[in-house]
Amino acid sequence: MSLPQHLAIIMDGNGRWAQQRQLPRIAGHQQGVKVVRTVVQECARRGIAYLTLYAFSSENWQRPMTEVDALMGLLDYYLDVELPLLQQQGIRLQVIGDLDRLPSSLAQRVRQQVASTATNPGMVLTLALSYGARDELVRAVRRLLTDARRKDISAEALDETLLASYLDTAAMPDPDLLIRTSGEMRISNFLLWQLAYTELYFCSCYWPDFDVAALDRALADFSRRSRRFGQAGDFEPTSRLGES
Ligand code: FPP
């Protein structure tokens with residue numbers, strides 16, 4: 001079975017999962033953290049090289065303060081409790097997003113954890129924190145313009161490789177597969193540049209219900225996809241013009 005080298009996940013539906021059970025939304029996020037643990041371990045065990053999780057979007061700052069605080073607390077807890085497990089499994093932690101918006105003590109802790117796993121040889125686990133793809137592009141172009149002025153980079157020198165090298169994901173391959181849970185079928189400002197040729201997989205279960213069987217179904221579905229990256233496939237001539 002062909003595995004994605006890079007799997008990205010939009011973990012959605014925590015709130016609805018909690019609501020269904022007449023629990024506070026934070027209970028859904030707490031259950032969601034348990035699923036994160038399982039999925040991280042299972043992906044590493046299966047030999048997936050990169051796993052990227054959308055943990056907190058730049059738009060999530062607009063949620064009620066109590067929920068934002070609870071999510072920051074959960075992140076703090078996750079970093080605390082999971083680090084030994086990540087170390088044990090040789091997993092390398094990375095972060096994308098605007099870390100400067102996080103509470104400074106948490107941002108510092110995140111940077112420390114990233115540094116402490118930097119030489120681990122195993123799966124790269126990337127948490128998207130205070131992340132929005134449009135914001136990432138704006139930050140990238142800002143840095144590029146500063147460098148262009150300083151290093152005299154001409155407009156003609158700008159190509160996809162140069163722009164991609166300014167993104168938060170510069171050191172990573174693009175995702176091969178994106179999973180979104182909860183039945184919503186949209187990208188929600190996640191990795192807009194990087195998802196250009198990614199296979200999309202939507203499943204209806206809420207993130208707290210996502211389990212090993214659901215992960216396996218998504219991986220099996222991916223292994224049956226035929227990826228063409230916009231080029232012609234070598235199959236029957238019935239495919240419609242412009243289809244890719
Ligand atoms: C979407 O559910 C989920 C989030 C906004 C946060 C995801 C966070 C976690 C799974 C826990 C923290 C993660 C780590 C890595 C420590 P939602 O609240 O939008 O659900 P809803 O659409 O049903 O309201």
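Each residue's number is its place along the chain shown, starting with 1.
Cβ coordinates come from backbone N, Cα and C, glycine included.
Because TrEMBL annotations are produced automatically, they should be read as predictions rather than curated entries.
Database features, via TrEMBL:
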ACT_SITE  D12  active site
ACT_SITE  N60  active site, proton acceptor
BINDING   D12, E199  Mg(2+) binding site
BINDING   13-17, R25, H29, 57-59, W61, R63, R180, 186-188  substrate binding site
> What binding-site residues in S58, W61, R180, I187, E199 place CB under 6 Å from ligand 1?
Replying inline: none
> Between G13 (substrate binding site) and E199 (Mg(2+) binding site), how far is it from one CA atom to the other, in Å?
Replying inline: 21
> So of G13, G15, which of the binding-site residues has the fewest other Cβ atoms within 10 Å around its own Cβ?
Replying inline: G15
>> Can you check which residue among the binding-site residues W17, W61 has the largest number of Cβ atoms within 10 Å of its own?
In response: W17
>> Cα-Cα, whole number of Å: G15 (substrate binding site) versus N60 (active site, proton acceptor)?
In response: 13
>> Can you give me the same-chain residues 6 or more apart in sequence from D12 (active site) with a CB-CB distance under 8 Å?
In response: R180, T181, S182, E184, Y206, W207
> Taking just the CA atoms, what is the gap between I187 (substrate binding site) and N60 (active site, proton acceptor) in Å?
Replying inline: 15
> For I187 (substrate binding site), what is the secondary structure state per DSSP, taken as helix, strand or coil?
Replying inline: coil
